[in-house]
Amino acid sequence: MDEGGAVSAFGDAFVYLNDPFNWTRSGGILDLLVAHLRISALAVLLAAVLAVPTGVLLGRSGRGGGAVVVLSNVSRAVPTLALLTVLAVTPLGFSELGTVLALAAFAVPPMLTNTYVGFREVDRDVREAARAMGMSRGQMLTRVEFPLALPLVATGVRTAAVQVVATATLAALVGGGGLGRIINLGFGQQDHGLILAGAVLVAALALLTELVLVLVSAALTPGPRRWPVRPVRAPRAGQPEPTSSGVPL
Amino acid sequence: MASLGALSAVSVPAAPVLAADAAPNPWFDPSYVTDNWDTIVGHLGQHVRLTVGAVLLGALIALPLALLARRTRFLAGPVLGLSSIVYTIPSLAMFAFLAPFTGSLSATTVLVGLTLYTLVILVRNFLAGLQGVPADVREAARGMGYGSARLFLRVDLPLALPAFMAGLRIATVSTVALVTVGVITGNGGLGQLIVGGLNANFYRAEIVTGAVGCVLLALVADVLLAGLERLLTPWTRAAR
């Protein structure tokens, strides 16, 4: 594509995004955005209900670290597009439920890993001290372990949520809803303006989700503020590592 | 709403019969693989070329960036921050951003997009590996008269190699999965089979062949890289 083509594509994208009718009409940007957010929210909720309690159980007992590593490695190798497509040709069909299930499956590993690490790394002495103060197991969980593990659990949920919002775009490739439809339509019509408009919307939504969740988790986390930008460390083999960025699919 | 309900009551029969239900449509069909072997190998070849190209290009760009970020400490923050922003951009949007420049039906779009993602993974891991090299060891090597090239090749590289290889493995496996999204430009490697099967009246054997092929390819690539790591770092085995 020549330089002039790219420039005119930016102009076309601006015109498309600047037209209120493109936002408000039925099946327009706002409708697609609502569908996108509904699918994403359901997927994150479903994955959290499954992954967080499992991570708490495994992390407290300190068992199953190998299984957690294997799960997160395997999930990296499975293309999201493949699972979306396979679910679409099951009896579930082209329902929102199929999309939600596929996205939830990929949201489980980051949440599970981070919850596991968060609870496993609660200091043994702190647990001991809580027990000595006469706390029951339930009190220890809610008053000691959970607050200490919260920053990592929040990172897991944020990573998964951003990943889900990003991957929900792919549903459009297999007949699903969401903002990916604009990009898909643009490619179908070879309309570079439309393609760019869709790209801007999808990328902005992903970055905004990241930003909002960083602020929310910083506000909720007790103690000194912990920002998600952490120094990089060389990965250790065979041990679950907390993830701060998910699969970019 | 009432009119909609009435409409659907009239137009939808009680038990819709789809063509997909009537014809046999198995999930696994060896005859599909043998009959379409050449097509499958063609897509597989593209998948491998895109993956290898993206990981190699990413590594070639990431290494100088990581070296620069280690040398000038104040650059490390911006480099990592920028890379995590790139990582947040969904792949479909990434290809869409590139399409006006590199063509919406070209494999270059996919290659450049994938390279950006591998770059992000590799810069982080390369930098982690380089920062893990003990300062004393570098100091000692310099005291022994090592120049910067020899210092990198004989000291930094062997010590950082496990982290480098870990990064390469993660980047390769993620890229194998991501190539499938290239289907939007018609250059999705085995992803072409996944979406092709969907469009060919939900042909399950084709979809499953593409999906299983991707997972197997990722597995083979990971095992090969793990073997390479073992070959390149014989001293880690001796230590155990």
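Note that Cβ sites are derived from N, Cα and C of the backbone, with glycine treated the same way.
Some features that TrEMBL has for this protein:
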type: DOMAIN; residues: A:33-213; note: domain 'ABC transmembrane type-1'
type: TRANSMEM; residues: A:39-58; note: transmembrane segment
type: TRANSMEM; residues: A:70-94; note: transmembrane segment
type: TRANSMEM; residues: A:100-119; note: transmembrane segment
type: TRANSMEM; residues: A:163-183; note: transmembrane segment
type: TRANSMEM; residues: A:195-220; note: transmembrane segment
type: COMPBIAS; residues: A:227-238; note: compositional bias 'Low complexity'
type: REGION; residues: A:227-249; note: region 'Disordered'
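Distant neighbours of the transmembrane segment (A:195-220): 9-10, 12-13, 16-17, 29, 33, 36, 150-151, 154-155, 157-158, 161-162, 165-166, 169, 179-187, 226-228; these residues of the same chain sit at least 6 beyond its ends, with a Cβ under 8 Å from one of its Cβ atoms. The transmembrane segment (A:100-119) shares the most Cβ pairs under 8 Å with A:39-58, out of the stretches A:39-58, A:70-94, A:163-183. Note on the transmembrane segment (A:39-58): residues 64-65, 67-68, 96, 99-101, 103-105, 107-109, 111-116, 118-119, 141, 153, 156-157, 160-161, 164-165, 168, 171, 176-178 of its chain, located 6 or more positions outside it, place their CB under 8 angstroms from a CB of the stretch.
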